[in-house]
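For reference, the structure discussed in these notes is given below.
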């Protein structure tokens, strides 16, 4: 009966590849995987988790208090003020439940229609400034997705802002509802996107715990193998999450040890540039630009499309180049070979997480040194330089004598012999 139900509601745009349930050996291997992951700090202690929940609760109360104050200053009726609401939503690795120790939290402040974006960057910013737990407060109002960054009681938090066309913000608001996007400012739509995508992913996997454990393993593997970086043309957290989610859809009853193996199987054999989709894209008549190679010629050049499941659908991997895809596909094949061995008891999980030596891999290297007179300037300068490295790689790829340009996402402190660099 349950098998039948499973077939009736399958997750994803195709039927599952296998409905096989885990065997005792798979459970044992999954236990071993957990033990192997622990020393890498991928699991957070319960008390650290409770601390984050407490901090988010405080922030949520600040948001509600701030929105009430604004509502009063704008002379709204008392009945509205009492139920005006306002809420902090989280997204990214924390919301997916796969954040590592000490990771930052991505948050979104949702406000009703009478609260302006300018209020968020003035009166809410001031309110945060007055909190004793808040350090390193800075606003980046001009960014593509405007943000307030801060450190609250030792936890780094980025807060985005979205103003909805609602008079009040109900507690049980579901941000996946497309009708919320009607008549919104593009910056609000962009700010909502992170939450909408994260929530969709969680609703599109058959078993959230199996998804989480598999994703933790894959993220650690990608970091150890130097292929975790959206900005440098590899994949960022959301893209890895979508690949793992697709694997879970194809093997809905499998547990983590099997899913990690199947992940490498599916994506070492994937015929790029066929897109990875978690659900059929729906048209929503809001006329926002969506990823569609039939309509947008530029989308036809994307090498490794992984499409976000929430409207407006985007390709989360437009930075991928010929070289970075080549490096990643090679790593998928290596991962498959290693997990094949693990499933045959010829190797341990630790082999999958061994960091290869980047500096023994190739014959020629380019060193890029970014220096600035002060620490504050250095941080900004390094950020700018990092965002342009893709362009260098693109130019190297155009050289007929270069088959591959592999950037190491790890950065290193400047060599000591010349301390003023």
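Here the Cβ of each residue, glycine as well, is placed from N, Cα and C on the backbone.
Where the annotation comes from TrEMBL, it is an automatic prediction and has not been curated.
Positions annotated as domain 'Poly(A) polymerase nucleotidyltransferase' by TrEMBL: 12-205.
Residue environment of residue 93 (ATP binding site) contains 22 other Cβ atoms, counted within 10 Å of its Cβ in all protein chains. Sequence annotations record features per position, and here TrEMBL assigns ATP binding site to 91, 92, 93, 100, 104, 105, 106, 158, 219, 228, 237, 238.
For 104, 106, 158, the entry in TrEMBL reads Mg(2+) 2 binding site. Its own atom aside, the Cβ of residue 106 (ATP binding site) has 23 Cβ atoms within 10 angstroms in the protein chains shown.
Per TrEMBL, Mg(2+) 1 binding site is recorded for 104, 106. Under a cutoff of 8 A between CB atoms, and with a sequence separation of 6+ in the same chain, the neighbours of residue 104 (ATP binding site) are 155, 156, 157, 158.
Here TrEMBL flags 210-354 as domain 'Poly(A) polymerase central'.
The annotation domain 'Poly(A) polymerase RNA-binding' is assigned in TrEMBL to 357-416. Averaged across the domain 'Poly(A) polymerase RNA-binding' (357-416), the predicted model reaches a pLDDT of 90.
Around residue 91 (ATP binding site), the same-chain residues at least 6 positions away in sequence with a Cβ under 8 Å from its Cβ are 106, 107, 108, 194, 195, 197, 198, 199.
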